[in-house]
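These notes are about the structure you will find just below.
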Amino acid sequence: TDKRSETVILDVVRKNFVDHLILGEEGGLIGDTSSDYLWCIDPL
């Protein structure tokens, strides 16, 4: 499902890029809102 896929992707990104902001289709914004980097995650 989308939620499960997004969770797996989030875990990898958060582990490797702890200071980045992530926008997930299912989970919304997560992370450092002052970051210069934004990941947009929309699993198929």
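Including glycine, each Cβ sits where the backbone N, Cα and C put it.
As given in TrEMBL:
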type    : residues            : note
BINDING : Glu25, Asp42, Leu44 : Mg(2+) binding site
Cβ neighbour count (within 10 Å, all chains shown) around Leu44 (Mg(2+) binding site): 4
Additional residues surrounding Mg(2+), by Cβ distance to the Glu25, Asp42, Leu44 centre under 8 Å: Asp2, Ser5, Glu6, Ile41, Pro43
